[in-house]
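K.L.:
Relevant sequence annotations retrieved from TrEMBL are reproduced here:
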type	residues	note
REGION	1-107	region 'Disordered'
COMPBIAS	43-54	compositional bias 'Basic residues'
COMPBIAS	55-66	compositional bias 'Low complexity'
COMPBIAS	98-107	compositional bias 'Gly residues'
DOMAIN	148-269	domain 'MI'
DOMAIN	311-434	domain 'MI'
Amino acid sequence: MFSFDDNLAEANRPYSVDEDLNEAEVNGNWTPQEKALHEARLKAKAKRRLRKSSSRNSTSESFSESGDLVGGDPHSPKGKVNTNDRKSRTGKGRGLPKKGGAGGKGVWGAAGMVYEDEEPDVRDPNYDEAAQGDTVYATVVPEVDERELEKMVNPIVQEYFEHGDTKEVQMLLKGLNLGPHKYEFSSLAVSLSLEGKASHRELTSRLLSDLTGKLLSQSDMARAFDKILKELPDLILDTPEAPQMLGQFIARAIADHILPMSFLDCYKGKVDCEHARVALDRAAVLLTMKREMVRLDNVWGVGGGLRPVKHLIKEMNLLLKEYLISGDVTEAERCLRDLEVPHFHHELVYETIVMVLESKGDTASHMMIKLLKSFWKTGLITVDQMNRGFQRVYEELPEINLDVPHAHSIMETFVDLCYQESVITKQLRDTCPSRLVGHKHC
């Protein structure tokens, strides 16, 4: 007989599928599906028992010699390991805390540990160069290749011929890393000026003088001129006067202390090239001349607008006086072009008219008209410069009349002849002061 409590426990026990299977086995009513399910459950149960037994074995191995459980909480049920403990849970090792007690998530290290400053490692994947406070940035300019040197220097020199500012050239050259080829800048500048005008050669001489001692040394200049002397056979193909002009460059460079005084002595008896000998002889002659005969700072002539206005006026007066003596229009035209001051040609027109007013007879008048007509036809003197020159005389005619009593009548005749030769326009002829005071011409 069962007691009432046993019946109550039996009633409250949950229903198990295994009991149904056992009952079916006893009755011999198993189906194939039920039999396969039963075998799978047995295998799963065996695996759970195997895992429990291995866990018990590892726990038993972690006991110390004193019988205490290493890494376990004695108050925890069944020796459960504390998950918050930082000691090793594998049961292997000496039972010491991991990383000396300084390990674990969110832990900066053991208590009382003092960290020293560490140098950032460039090989660190998280290395940030911009975040380094003491980082010094330096611009590294690659050295200019010898083959690219000419392409980079030519624009600098050509622009310098336009503005004439040596400081800008120095600034541009400092931005280039010319390396051992820096002396070639001087040789390229001289070669380009040989193909240009006299004013370009004057500018080049000034540039070399300003660069010496700052960016280039005397030895660099000596190497540059030595290179040009060797290239003379090729230079004369485009510039037949290259040897004479190079001799003037060398003489000017020695006078400006760009080249050493012993530069010419190094070539005595050692030059086989005929063109180089001509250049060196030209330099030697210029250096041995007396100062009264030639000034080396004026070796390139006037040099355009780089000379004072008084000097230009003096040169134009000399040009006109020589023309009145020789009557050579071509030579006068060449001299005017060599002055390289097209913006100042009105001064030549002014001086021409004043000479006509101050001259005696009609010879000077006819020669000057011929000269102005030639300049007008060739386009050497523009209409603006021609008009400005005549208008300046118109404005100063009252003062000129004090020294030349018949200035008004001479001026009127000269203006009529210029108009007949198509040198001036009808409008410019009609604005002559004598016409405004007297009768009007048709």
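Positions of Cβ are set from backbone N, Cα and C atoms, glycine also.
In TrEMBL, annotation is done automatically, which means it is predicted and not curated.
Just so it is clear, the model here is predicted, and its values are computed rather than measured.
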K.L.:
Just to confirm my parser: what is the rounded mean pLDDT across the domain 'MI' (311-434)?
P.N.:
90
K.L.:
The compositional bias 'Basic residues' (43-54): which same-chain residues, six or more beyond its ends, come within Cβ distance under 8 Å?
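P.N.:
Cβ under 8 Å, 6 or more out: none.
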K.L.:
Count up the helix, strand and coil residues in the domain 'MI' (311-434) according to DSSP, in that order.
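P.N.:
Result for the domain 'MI' (311-434), in helix, strand, coil order: 102 helix, 0 strand, 22 coil.
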